[in-house]
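Visitor: Have a look at this one before I ask anything.
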Amino acid sequence: MSIRTKDLIFISLFTSIMVVVSYIKIPLPFSPVPITLQTFAVMLAGLMLSPSSAFLSMLIYLLLGAAGVPVFAGGRAGLNVILGPSGGYLLSWPFAAFFISTFKKTSNNFLRNLFLNLIFGVFFIYFIGVPYLAFVTHLSLNKAIAVGLFPFIPGDIIKAVIASYLYFQLKKPLEKIM
């Protein structure tokens, strides 16, 4: 796999976007997982980048955080974050971005790409994140679903719609430079 300079720039850009949105955090009193715009950035990376670039942008973000750079939600850092309640969600992001990018269509099929965002950008992340949350916090799976899934679904659906809309607005201008 060879990486062009343009690819490196866009990988860095989406890693940076992920860092910026991680500082926008709304804690929930009933859940150890905060509301963030990070899933929005995962979906956007998946739509805008090639599969390998989408994966790498999220992987670099995780590696920075694991190495101690304060890039996780609210400026947290370290392996303890990945091993904590949010870890499953975090670990799913490179794969979610990869799958969105792999299955996207460059046609103007808004609903298809919205569907991909919902399947891979929302449900895949929860499929990994919720059981991990249950395991780490010793919650039953039903309780983990109640605190780590249901409160976030409405916001994530909105994020999926906005990411899909932005993709269609930015797709043509970006094709000229990508």
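Glycine is treated like the rest: Cβ placed from N, Cα and C.
Keep in mind it's a predicted model, so treat the numbers as computed, not measured.
For reference, TrEMBL lists these features for the protein:
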- 7-24: transmembrane segment (TRANSMEM)
- 30-49: transmembrane segment (TRANSMEM)
- 56-75: transmembrane segment (TRANSMEM)
- 81-102: transmembrane segment (TRANSMEM)
- 114-133: transmembrane segment (TRANSMEM)
- 145-168: transmembrane segment (TRANSMEM)
Visitor: Thinking of Cβ pairs under 8 Å, which stretch from 7-24, 30-49, 56-75, 81-102, 114-133 has the most of them with the transmembrane segment (145-168)?
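Guide: Per the Cβ under 8 Å count, 30-49.
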Visitor: With a Cβ cut-off under 8 Å, give me the same-chain residues at least six positions beyond the ends of the transmembrane segment (7-24) that come close to it.
Guide: 36-38, 40-42, 44-45, 48-50, 53-54, 56-58, 60-61, 64, 71-75, 178
Visitor: With Cβ-Cβ distances below 8 Å as the criterion, list the same-chain residues six or more beyond the ends of the transmembrane segment (81-102) that contact it, or say none.
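Guide: For the transmembrane segment (81-102), the far contacts come to 32-33, 38, 42-43, 45-47, 49-59, 61-62, 65-66, 72-73, 116-117, 120-121, 124-133, 136-137, 148.
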Visitor: Hey, which bits of the same chain come close to the transmembrane segment (30-49), Cβ under 8 Å, at least six residues off its ends?
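Guide: Same-chain contacts beyond the flanks: 10-11, 14, 17-18, 21-22, 24, 57-58, 73-74, 84-86, 89, 93, 96-101, 104, 113, 116-117, 120-122, 125, 129, 133, 137, 147-148, 151-152, 155-156, 159-160, 162-164, 166-167, 170, 174.
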